[in-house]
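Asks: Here you go, one structure.
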């Protein structure tokens, strides 16, 4: 991508980006095209497919849960075309790295609402907690322990006692205790990974100022 086209894309994306400045957007665009290994050609949209994106989540942000990584991919891939384009990349990372608590609550709830019906059901909690907990070899029936954990979680978070979590239940619980934001699995970067990523990507502002 030539310098003029890069600058135009940077300007366009910066206008619609809440949490990154122009320099940071420019750095993330460059990183995106490095990751996809090419530029946009006539009639062909370049993007990160599910496997490439999951690799970034695993290597860069230390995520290991396949189910959660798939859900994070869907959270970024807003048009559901099977790949994350440059616009989705910038918007997704804006929330992923620097989103407000409100933005992160909406995002995490969507990740945890596996079937998209607007609720986190007991079954969904069970699947996510089963994936995220280490199995103890001494346990005869590890599923029983997970079922108990689901009940404990519901008791703490299900404010209207209907046996499932609505967004209102979840929001209230998280505002009371922010540790519950990622109650069903890590779907945001930890502070160390976030700082390392930003330090690595957002460097050499002089190069940008020369544009």
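The backbone N, Cα and C atoms fix where each Cβ goes, glycine too.
Heads up, here are the entries from Swiss-Prot:
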- 77, 79, 81, 83, 88: Ca(2+) 1 binding site (BINDING)
- 113, 115, 117, 124: Ca(2+) 2 binding site (BINDING)
- 158, 160, 162, 164, 169: Ca(2+) 3 binding site (BINDING)
- 64-99: domain 'EF-hand 1' (DOMAIN)
- 100-135: domain 'EF-hand 2' (DOMAIN)
- 145-180: domain 'EF-hand 3' (DOMAIN)
Asks: With the Ca(2+) 3 site defined by 158, 160, 162, 164, 169, which remaining residues of that chain have Cβ atoms positioned within 8 Å of the Cβ centroid?
Replies: 119, 154, 157, 159, 161, 163, 165, 166
Asks: Excluding 113, 115, 117, 124 themselves, which residues in that chain have a Cβ inside 8 Å of the centre of the Cβ atoms defining the Ca(2+) 2 site?
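Replies: Near the Ca(2+) 2 site, the remaining chain residues are 112, 114, 116, 118, 119, 120, 121.
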Asks: Could you give me three numbers for the domain 'EF-hand 2' (100-135), the DSSP helix, strand and coil residue counts?
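Replies: Once the DSSP states are binned, the domain 'EF-hand 2' (100-135) shows 23 helix, 2 strand, 11 coil.
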Asks: When the Cα-Cα distance from residue 164 (Ca(2+) 3 binding site) is computed for each of the binding-site residues 88, 113, 115, which gives the smallest value?
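Replies: Checked the binding-site residues 88, 113, 115; minimum Cα distance to residue 164 (Ca(2+) 3 binding site) goes to 113.
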Asks: For residue 115 (Ca(2+) 2 binding site) and residue 77 (Ca(2+) 1 binding site), what Cα-Cα distance in Å is obtained after rounding to a whole number?
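Replies: Rounded to a whole number, the Cα-Cα distance is 16 Å.
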Asks: Take the Cβ of residue 113 (Ca(2+) 2 binding site) and count every other Cβ within 10 Å, whichever protein chain it belongs to.
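Replies: For residue 113 (Ca(2+) 2 binding site), the 10 Å Cβ neighbour count is 19.
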Asks: Any idea what the Cα distance is from residue 77 (Ca(2+) 1 binding site) over to residue 124 (Ca(2+) 2 binding site), rounded to a whole Å?
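Replies: The Cα atom of residue 77 (Ca(2+) 1 binding site) is 21 Å away from the Cα atom of residue 124 (Ca(2+) 2 binding site).
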Asks: Reduce the DSSP letter at residue 83 (Ca(2+) 1 binding site) to three states and note it down.
Replies: strand
Asks: What are the sequence-distant neighbours of residue 81 (Ca(2+) 1 binding site), meaning same chain, six or more residues apart, C-beta distance under 8 angstroms?
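Replies: Sequence-distant Cβ neighbours: 47.
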Asks: For residue 83 (Ca(2+) 1 binding site) and residue 158 (Ca(2+) 3 binding site), what Cα-Cα distance in Å is obtained after rounding to a whole number?
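Replies: Per the Cα atoms, residue 83 (Ca(2+) 1 binding site) and residue 158 (Ca(2+) 3 binding site) stand 35 Å apart.
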Asks: List the Cα distance (Å, whole number) between residue 158 (Ca(2+) 3 binding site) and residue 124 (Ca(2+) 2 binding site).
Replies: 14
Asks: Please list, in sequence order, the residues in the chain of residue 160 (Ca(2+) 3 binding site) that are at least six apart in sequence and whose C-beta is under 8 Å away from its C-beta.
Replies: 166, 168, 169
